[in-house]
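Here Swiss-Prot flags 1-142 as domain 'Globin', drawing on sequence analysis. The feature disulfide bond is assigned by Swiss-Prot to Cys2-Cys131, with similarity to another entry given as support. What Swiss-Prot lists as heme b binding site is His94, and the listing cites sequence analysis.
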Amino acid sequence: ECLVTEGLKVKLQWASAFGHAHQRVAFGLELWKGILREHPEIKAPFSRVRGDNIYSPQFGAHSQRVLSGLDITISMLDTPDMLAAQLAHLKVQHVERNLKPEFFDIFLKHLLHVLGDRLGTHFDFGAWHDCVDQIIDGIKDI
């Protein structure tokens, strides 16, 4: 469960880690490099957006769509009704793409790794795990 105080901390830490403009592109590259290096099988579901080349404009745009979706959901952590509606919308999109539930767990693992690298000693792993678990559980088709 993502407590109110955890949600507020996650929002603040996300703003710091995700940054602005080019920092967001770099965040996406770091995240997807780790995911695809350890799990090359994940490239296949992303063939439509050039999952074979994370430096392509198509994959860069996809990366920013994913991270913007995460950004929106994080911004709604303190508005449960809005968050529930957003998660329902995202779930439909992800179910249509037939993404395996374990892909979400892989995403979470790598997201937490990148956040830890960027936030250092300020990173609250527990708060992030609780809040992003809530987001992911609302999206993935279990």
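A Cβ is built for glycine as well, from the same backbone N, Cα and C atoms used for every other residue.
The structure, with features from Swiss-Prot marked on it.
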residue: Cys2; record: disulfide bond; DSSP class: coil
residue: His94; record: heme b binding site; DSSP class: helix
residue: Cys131; record: disulfide bond; DSSP class: helix
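Each of the disulfide-bonded residues Cys2, Cys131 was scored by the number of other CB atoms within 10 Å of its CB, and the largest score is that of Cys131. Confidence for the domain 'Globin' (1-142), expressed as mean pLDDT, is 93. The two recorded residues, Cys2 (disulfide bond) and the residue listed as 'heme b binding site', show a Cα separation of 22 Å.
In this structure the alpha carbons, written CA, of Cys131 (disulfide bond) and His94 (heme b binding site) are 19 Å apart.
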